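Quick look at what Swiss-Prot annotates:
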DISULFID  CYS104-CYS160  disulfide bond
DOMAIN    83-171  domain 'Ig-like'
CARBOHYD  ASN45  N-linked glycosylation site
CARBOHYD  ASN211  N-linked glycosylation site
SIGNAL    1-30  signal peptide
TOPO_DOM  31-225  topological domain 'Extracellular'
TOPO_DOM  247-262  topological domain 'Cytoplasmic'
TRANSMEM  226-246  transmembrane segment
Amino acid sequence: MKAVATVFICGSLVLITYLPLVVTSPQTLAIPEKLRQAVGRVVVNATACSVTCGLGYKEETSCEVGPDGVRRDCRSQRLECLTNWICGMLHFTIIQRQQFELNCLSSDILTKGQEAFRFTWKLARGIISTNDELFKPFRANSPFLRFKPAYESDSGTYRCDVQQLKNLKLVKRLYFGLRVLPPKLVNLNFQQSLTEDQKLAEEGWEVHLDNQSQPHLPGWRKKVSLALGVGIAAGVVGGVLVNVALCRVLGGTGGNGNLSSL
């Protein structure tokens, strides 16, 4: 048994040693003459997709390449491309009774024609979310949703799905987060919503909003403020000294007059 095992191991080693030589021999790798003369069309250049999400287009150039590596009969064509069909969410905040429109179209869809696509809308009423389990069908088959006007009950998340009619392939999904606010509930005036420190910062003052410290003037304004402070202080001190001097003079004059009368 030991002898048989030894012979088997030695035979395996010999086979492993000579197998690469057999595989790489010219006879094994011989290429037929017809295959050597074959010509194939390969893509030599392609642009990126025109959009990052949804249906887009790209330019592709292909050429015939032979055994000599020379490119012949090159052609360029415009092809559809789809990088990602989920296009995120757009947020909108409007006032009640304001006319508004949600638009699911894109330039590439307009180029091909919206009649080649199917538009389906769904709504998650009253919340802003991308959880597809919360959406219910919304009766609309147009690429637009128009609110004439919008009411608070129209708030929610609207989902637009775009499919190609030729194969019902989903090529785009876009979410719209819509908030409709009563006019008396909130004032959207930006300036009126600022705090005192924020207003000072808007006017050019150096304000540390993170630690709620007192506002600091810029360098040139600090110098002006310092000069004004020194001037005011000097004026006050000078006025006090003048008053003291006048009081002494008037006091001395009054005393001399009294002595003269005596």
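Just so it is clear, glycine is given a Cβ too, placed from its N, Cα and C backbone atoms.
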Self-check item: Summary of DSSP states over the domain 'Ig-like' (83-171), given as helix, strand and coil counts
Solution: 15 helix, 41 strand, 33 coil
Practice problem: Determine, to the nearest whole angstrom, how far the Cα atom of CYS104 (disulfide bond) is from the Cα atom of ASN45 (N-linked glycosylation site). | Solution: 32
Self-check item: Cα separation, CYS160 (disulfide bond) to ASN45 (N-linked glycosylation site) (Å, whole number)
Solution: 34
Quiz item: Residues with Cβ closer than 8 Å to the Cβ of CYS160 (disulfide bond), same chain and 6+ apart in sequence?
Solution: LEU102, CYS104, PHE119, THR120, TRP121, PRO143, LYS172, ARG173, LEU174, TYR175, PHE176
